[in-house]
Amino acid sequence: MASHVKGDNSVKENVTETDGYNQSLDPYEEYKMDHRKRGMALIFNHNYFHGQLMLNSRSGTEADKQNLVVRFQELGFEVKAYDDYKREEVLSKIREAAGANHVDADCFVCVFLSHGENGHVYANDGQIEIQEITDLFKGDKCRSLVGKPKIFILQACRGDKHDDPVTPMDEVDSQINELVVDAGTLCTLPAGADFIMCYSVAEGYYSHRETMKGSWYIQDLCEVLRLYGSTLDFTDILTLVNRKVAYRSVENCRDRSALGKKQVDY
């Protein structure tokens, strides 16, 4: 990640315009990214779920996790990854992170790879409210992260819609392995100052995941971090990720109604 992250002390969301990522940065709108440590990155990876939840396993999510671990380690983060943790186990790790001393850190990252709906993400045995998670990192509860970016990346479905594609001048690459979607409807929630909420799709739309390579959003996020993580600020990285995902099209999916459709980022 570059030595700066733009911020205006407000909630950030993924942006969809791509023509401004090379613009000069106002130093008064940048976070300080020159602390002794880059920071902590938590990754909660959920493939399997308790039977009572009636949720499909998430083939390909292991590829997402491994890809993220490599990218964040390359950027200097202390990475901690957890597989198929139960609700209370997830919350325990998050409370532990919120209570840690981040004085020497640039920022904090938390990633969820799971199913999601109605402002929740799923742990192995139940739902967790996204707001319950982000509340633990607000200024009155996590003072050592005040004024620092707190980045939450949520790879989960947000609905049951695809976007009809508009073919660009260059033909969109086709997918060679099977595509599935993450279940549920994940809605946008305000988080507070210095939070960057990164959703894999716009509200009401499917999030696509390849059963071998992982999700489109995480694949493209990791590729852009590999290429530009040390030169571009994070909001500009998100802009490029959105552009890459938007150029993908569903060509091999179990859901026949999804064929030829596109994913809409938020």
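Backbone N, Cα and C atoms are what each Cβ position is placed from, and that goes for glycine too.
Keep in mind that what you see is a predicted model, and the values were worked out from it rather than measured.
According to TrEMBL:
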- 1-15: compositional bias 'Basic and acidic residues' (COMPBIAS)
- 37-161: domain 'Caspase family p20' (DOMAIN)
- 185-266: domain 'Caspase family p10' (DOMAIN)
- 1-25: region 'Disordered' (REGION)
Taken over the domain 'Caspase family p20' (37-161), the model's mean pLDDT
93
Three-state composition of the domain 'Caspase family p20' (37-161), taking helix and strand from DSSP
38 helix, 41 strand, 46 coil
